[in-house]
Amino acid sequence: MKIDPVELTRKLISFESITPEDSGAIEYIATIFKKSGFDCEILEFGDKVKNLYAKYINGVPNLCFAGHVDVVPPGQLKDWAFGPFKPEVRDGMLYGRGAADMKSGVAAFIAAMVNLIAEKFQFNGSISALITSAEESMEEYGTKAVLEWMKNKQKKIDFCVVGEPTSSEKLGDTIKIGRRGSVTFELICHGKQGHVAYPDLADNPIYKVISILSKVKNTTFDHGNKYFQPSHCEVTTIDVGNNTSNLIPGSATTRFNIRYNNEQTPGGLYKLIDEICSSVTNDYKLSMHSSRDVFLSTPDRNTDIMLDAISKVTNIDAILSTSGGTSDAAFIKDVCPVIEFGIINKTAHQINECVSVNDIHKLTAIYKEFIENYFNPTNKILNQVNVVSNISSGPLLA
């Protein structure tokens, strides 16, 4: 059985899998894998959040592809040129929610694996897929939970490719070898409620929040390094729960997010922020939520194999990057080396999200080339001086 990755992308888009629902997509994918001889485990965690781990042949090394089928809400349906879950192709572009992030990536690596098996590809080892419906939200019941299940079952992955949309301008221009970590702080500053005409009888907490945020924003956390941009902070909310104009509020709440590199740790950042807060006021409450840790997969032979596959299919020399948001690769890095590579991300999460049909076919070809050379490296790969070591002293990363 061979698969057309574009048709599979269309089918996956048709599932209204708004996070963390899969709306049948996980079962559908499992059916495809089973027809090609994969052993499939559909795993439910939390409130019936579905995940899939599919594996072909029980050998080593185990090359895994990972991704998600859940999507963010489509927003106002009237703003879409086509129904977000009714995929349409116009002028070579496939439209639909999840087209970029990341149902085309999932379809491409499924097609690459299944089609190689149909072509009687000979290799020593295993190929597998880890697919979740809880990446955009409730991540504790998605990839993270599957990896814990695998650990308990003594199921090992040796290398993983996450099919997130990493390309910026052209398919093949960017591989992610790491991601910054993300921590969100909530700060509540207390004061004393009162009438605006009698400020001497009140204590306005808004000024405390403003002072603290100014200090945080002007803090140089670090200067970045060879692999990462400097850590930075962005304020996301300020709320006093007050819709009147003559009342000094009794408390003020703010939230801010820090995207941090491998020069920092969540604990170290908490200590720093706490010191800033205490320099302004003693009447505050500070809490922190760490969603995903920073990670870096040191470039190696497998990175070279992906660079070579991209170059062969697209004639583009990809850059290695750690920019952008977080992903489930931050969980996978705890069990094996991981890189991310996929389609162009320009329209991810946007109205009229779309990808090039031609790029879906090219992405599938790149994944196939990578799988073939991962298991059966060409003489070029075997004899190649590590590509990364030759360029790391130059402009390696974006």
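Glycine is no exception: its Cβ is also placed from the backbone N, Cα and C atoms.
DSSP assigns Asp70 (active site) to coil in the three-state reduction, placing it in neither a helix nor a strand. Residue environment of Asp70 (active site) contains 29 other Cβ atoms, counted within 10 Å of its Cβ in all protein chains. According to Swiss-Prot, the feature active site maps to Asp70, an assignment based on sequence analysis.
What Swiss-Prot records for Glu135 is active site, proton acceptor, and it gives sequence analysis as the kind of evidence. Within the same chain, residues at least six positions away from Glu135 (active site, proton acceptor) with a Cβ under 8 Å of its Cβ are Thr19, His68, Asp70, Gly142, Thr143, Ser327, Asp328. Glu135 (active site, proton acceptor) carries neither a helix nor a strand DSSP state and counts as coil.
Taken from Swiss-Prot, the feature Zn(2+) 1 binding site applies to His68, Asp101, Glu164. Cβ environment of Glu164 (Zn(2+) 1 binding site): Gly67, Asp101, Met102, Gly105, Lys176, Ser327, Ala329, Glu340, Phe341, Gly342, Asn345 lie under 8 Å away, each six or more residues apart in the same chain.
For Asp101, Glu136, His349, the entry in Swiss-Prot reads Zn(2+) 2 binding site, with the evidence type sequence analysis. Listed in sequence order, Val72, Asp101 are the same-chain residues six or more apart from His349 (Zn(2+) 2 binding site) with CB atoms under 8 A from its CB.
Taking the centroid of the Cβ atoms of His68, Asp101, Glu164 as the Zn(2+) 1 site, the other same-chain residues with Cβ within 8 Å of it are Gly67, Met102, Gly105, Glu135, Glu136, Val162, Gly163, Pro165, Ser327, Gly342, Ala348. Other than the site residues Asp101, Glu136, His349, same-chain residues with C-beta atoms no more than 8 angstroms from the centre of those residues' C-beta atoms, the Zn(2+) 2 site, are Val71, Val72, Gly98, Met102, Ala348.
Classification of Glu164 (Zn(2+) 1 binding site) by DSSP places it in coil, neither helical nor stranded. Using a 10 Å radius centred on the Cβ of His68 (Zn(2+) 1 binding site) and all shown protein chains, the other Cβ atoms total 32.
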